[in-house]
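As recorded in Swiss-Prot, the features of this protein are as follows:
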type: SITE; residues: ARG28; note: site 'Transition state stabilizer'
type: BINDING; residues: GLU34, HIS35, THR36, ASP37, TYR223; note: substrate binding site
type: BINDING; residues: GLY124, ALA125, GLY126, LEU127, SER128, SER129, SER130; note: ATP binding site
type: BINDING; residues: SER130, GLU162; note: Mg(2+) binding site
type: ACT_SITE; residues: ASP174; note: active site, proton acceptor
Amino acid sequence: MNLKEKTRALFAEIFGYPATHTIQAPGRVNLIGEHTDYNDGFVLPCAIDYQTVISCAPRDDRTVRVIAADYDNQVDEFSLDAPIVTHDSQQWSNYVRGVVKHLQQRNNAFGGVDMVISGNVPQGAGLSSSASLEVAVGTVFQQLYHLPLDGAQIALNGQEAENQFVGCNCGIMDQLISALGKKDHALLIDCRTLGAKAVSMPKGVAVVIINSNFKRTLVGSEYNTHREQCETGARFFQQPALRDVSLEAFNAVASELDPVVAKRVRHVLSENARTVEAASALEKGDLQRMGQLMAESHASMRDDFEITVPQIDTLVDIVKATIGDQGGVRMTGGGFGGCVVALIPEDLVPAVQQAVAQQYEAKTGIKETFYVCKPSQGAGQC
């Protein structure tokens with residue numbers, strides 16, 4: 001039974017009438033462009049075929065009733081006519097409530113909804129299960145009540161809910177790719193303008209995500225420190241963001257910067273250039289060049305941005321040794337653990353899976369989790 005069938009069956013069973021719509025919003029993986037988003041730079045994510053699915057129907061009153069199928073059918077119920085506040089014990093409820101509260105501030109022309117939610121985006125793997133939930137909930141209200149909101153506005157609404165209601169600082173990439181993703185394509189996103197260009201993925205290439213299942217604590221504080229170092233770099237060049245600094249300008253004065261700040265700046269500037277070039281390499285089907293750019297990205301994250309860990313570097317080395325120049329692999333996500341992403345010809349996937357299974361646990365004492373994904377369509381009816 002797939003997620004659509006599961007949520008529709010549960011909807012009829014619990015609410016006693018059939019759902020009118022089923023909406024999905026996908027998770028994502030970022031192929032290249034790491035820690036560039038909050039520097040107003042470029043990212044190149046694709047939506048993946050793991051998603052949040054919501055079966056729903058409009059109500060004729062002002063009540064929102066929500067069932068979380070993945071949390072033992074926990075229930076949340078709130079009124080659109082009372083101030084929406086955080087739930088004291090159900091964290092998942094706050095993503096739903098936050099999206100609805102911020103939607104009210106954007107366009108209040110909607111009434112109550114019944115919904116049943118289920119998803120298969122792995123949680124805590126950096127594949128954006130929360131953004132997928134936020135975008136799915138926003139799309140439910142937009143579709144049921146024909147709200148004049150486009151994908152970018154639904155994405156921004158989700159980001160606001162996560163930043164201001166849930167209280168988690170995030171860029172816009174995760175919500176934007178979930179809302180705007182295109183089947184068989186990646187999306188080159190300009191994080192300053194929110195402009196997005198679809199980039200076709202070469203045929204016969206698998207998107208492989210491998211979770212190292214290693215996570216260092218203090219990730220939040222490390223993230224903030226790196227962000228501050230980038231802002232210090234932008235101030236040095238008297239620019240609003242590192243997006244506005246050229247590599248030439250940086251190289252001319254790099255020795256005058258604090259050495260650590262200089263390394264952080266060099267990563268962001270070189271990563272932005274790599275990301276734009278990667279989009280054109282993918283478009284041309286040049287997997288070899290894409291692989292080189294992913295390798296350079298990983299080395300830059302390891303040596304200049306200093307956000308990789310030995311477990312992640314080991315995983316990258318195992319995959320690289322197996323695929324040679326026939327694809328690419330790098331750490332993806334915030335850093336200090338998490339996942340690697342690889343672009344691999346489909347016929348090489350079994351060899352990569354076998355090599356990782358044989359070597360990673362032996363070298364690190366941790367068992368990996370392996371996902372093979374397809375670039376998928378963004379949010380909408382399913």
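Even glycines carry a Cβ here, placed using N, Cα and C.
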In which DSSP state, out of helix, strand and coil, do we find HIS35 (substrate binding site)?
coil
Near SER129 (ATP binding site) in space, meaning Cα within 10 angstroms, which of the recorded positions do we find among ARG28, GLU34, THR36, ASP37, ASP174?
ARG28, ASP174
If you count Cβ atoms within 10 Å of the Cβ of HIS35 (substrate binding site), leaving out that atom itself, what do you get?
25
Does SER130 (ATP binding site) have same-chain partners at least 6 apart in sequence with Cβ under 8 Å from its own Cβ, and which are they?
TYR95, GLU162, VAL166, CYS168, ASP174
Can you give the largest Cα to Cα distance in Å, as a whole number, for the residues GLU34, HIS35, THR36, ASP37, TYR223 that bind substrate in the record?
13
Alpha-carbon spacing, ARG28 (site 'Transition state stabilizer') to THR36 (substrate binding site), which is rounded to whole Å:
16
For GLY126 (ATP binding site), what is the tally of other C-beta atoms lying within 10 angstroms of its C-beta?
24
Neighbours of the ATP site GLY124, ALA125, GLY126, LEU127, SER128, SER129, SER130: Cβ within 8 Å of the Cβ centroid, same chain, sequence order.
GLY27, VAL121, PRO122, GLN123
Take the Cβ of GLU34 (substrate binding site) and count every other Cβ within 10 Å, whichever protein chain it belongs to.
25
Which number gives the other C-beta atoms within 10 angstroms of the C-beta of ARG28 (site 'Transition state stabilizer'), all protein chains shown included?
32
Residue among the recorded positions ASP37, GLU162, ASP174 whose Cβ has the most other Cβ atoms within 10 Å:
ASP174
Distance [Cα-Cα, Å, rounded] between SER128 (ATP binding site) and TYR223 (substrate binding site):
17
